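TrEMBL annotations:
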REGION    17-170  region 'Disordered'
COMPBIAS  20-57  compositional bias 'Polar residues'
COMPBIAS  64-103  compositional bias 'Basic and acidic residues'
COMPBIAS  117-126  compositional bias 'Basic and acidic residues'
COMPBIAS  139-152  compositional bias 'Polar residues'
COMPBIAS  155-170  compositional bias 'Basic and acidic residues'
REGION    188-259  region 'Disordered'
COMPBIAS  188-217  compositional bias 'Basic and acidic residues'
DOMAIN    390-582  domain 'FtsK'
BINDING   407, 408, 409, 410, 411, 412, 413, 414  ATP binding site
């Protein structure tokens, strides 16, 4: 039994040891004392100790934990990159930029940019210089600055003694790439210890020069435009059709108008002399009181050259009393001449117009800058001048539609024509308006030669002028036939229809016919000129042809009743007699004008005239404007003056019976003056001219004494000649 008990105890203790050995080790040793136990007569004393074994006492192999190697901290030292090239190797070193202190950057001005501000000019010096000279100086300055900025910067070559850092920066920026086959190799330099600098390889100077040359060659190659065109391209009809379909539709170009700085500056307004106005008003009231005319001055309107006193009569005072006192009022006011408007249209007052002691000139720039001219809806708006109240007078040639300008020599007719033409140049493009200028004086309209608005050069010959008026009549008939085919009534609707159909090349321009001196034409060919002017004035309004006639001799034989009846708008300048005034405007008043642009304007359908001080355009201004317009486009003439002269001479010598005379001579086989006189019942002079004409064309022989002339051509030859002549 005792033996079994011992074996049992051994098994128990051996199991405890195995359990303890399987538990995880601890850092400290544990001791445990067990009490003695007695089993029967024998006591067993046990003592056990548990601790982690030493490093060398493990019975099994030790597996060490894996520790990751610590990566070294990246150094901030510079690295060198290398690029392999066929000849040399460039090492590019990227270094950290040193921190610099804060420095404010230069901010560009929203107006001047990086440029310096321009010094302010003195107002007095600006007023002394004309606008067109200031504009020309500014354009020259801008051109010089643009040339300086556009010129290439000078090429800087570095010398051997220059700073090394600047040379290194240059090589860092410029890296030549000659071919695509080059391989870029970035070579990482080993990390050096602190305090050591990376030594750079010296860069040779001739390498930098090669780099500059190569980059220059590349720049020239890329910037050279390609001018070669393919010559071996074959297009099929389908390709051409698709190309025509893909072509953009033609659009009208934006018109270019002359700038306003080409005209002279606006003249300074004359200071109103209040003392003179008050004195004239007091003298006028005193004069009316002395003649027992009860009236009072209600208002005073000061114009550029005339001041109008508005006098309101009392109840029961007749208007004739004022008109009968015209000479007495002129005497008491010490005026050069006065004009009385009794009554003023739209007012219950009588206007007495007195000349100003210091008249003010009306400049063309002032008229063109006015809102009434700039905002006018018509492309044929014309600025005439200022009225007595100082308002700008703008008329429309479409509503005019034809005008008569008449006055004595030096009264301002030619200046008025220049004002109208300059207004049209500032208002309409050369594609919208065409001019036909007839100038028998030769020198008045000469500055307008070579402008793109002209249908032909300025016509100075009387025969050519007559032929040009006949051409205008034919053009009028042709336009009306086109209107009938298109189903429109006037030129505005035709151009609108053409624009909607995108057929801009068929657009019809307006034609303005200007005749500077009608009296010279009426002396040369009165019947032809009167017929042409009458036909144009009667029918040409709807087809866009307008007529302006000027003359310095407003007599009945020049301005006939037929012409005056078809020209509704009239402008009367200063004339010498009341008869001439009534010839122009059918009323008195033009004989009271002052001259120098002082005019009476009678509009279409108006019952009363309107006094206007016309705008003044000098010859220098006209030349500047026309020179600018000439640069816009070359003129495209429809005919020349020589062609008109030749056509007029042919029409003059050709007889309507010439064709019948040719047939008679060919059938009879002989030709003589007496034969033509008998057959056609004409006089000797006409028959002799026809014989001379037959000799010129080579049909008959020359004069052979008293014998009849021989016929040199046969019937077939004559028919061939006539057919060629028709072609």
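Just so it is clear, glycine is given a Cβ too, placed from its N, Cα and C backbone atoms.
Note on the binding-site residues 409, 411, 414: the fewest other CB atoms within 10 A surround the CB of 409. With a cut-off of 8 Å between CB atoms and residues at least 6 apart in sequence, the same chain places 573, 595, 596, 597, 598, 599, 614 near residue 412 (ATP binding site), listed in sequence order. Classification of residue 413 (ATP binding site) by DSSP places it within a helix. Computed over the domain 'FtsK' (390-582), the whole-number mean pLDDT of the model equals 91.
Same-chain residues that are not part of 407, 408, 409, 410, 411, 412, 413, 414 yet have a Cβ within 8 Å of the Cβ center of the ATP site turn out to be 552, 573, 574, 595.
In this structure, 410 is the one among the binding-site residues 407, 410 with the smallest number of other Cβ atoms inside 10 Å of its Cβ. Of the listed binding-site residues, namely 408, 413, the sparsest CB environment within 10 A is found at 408.
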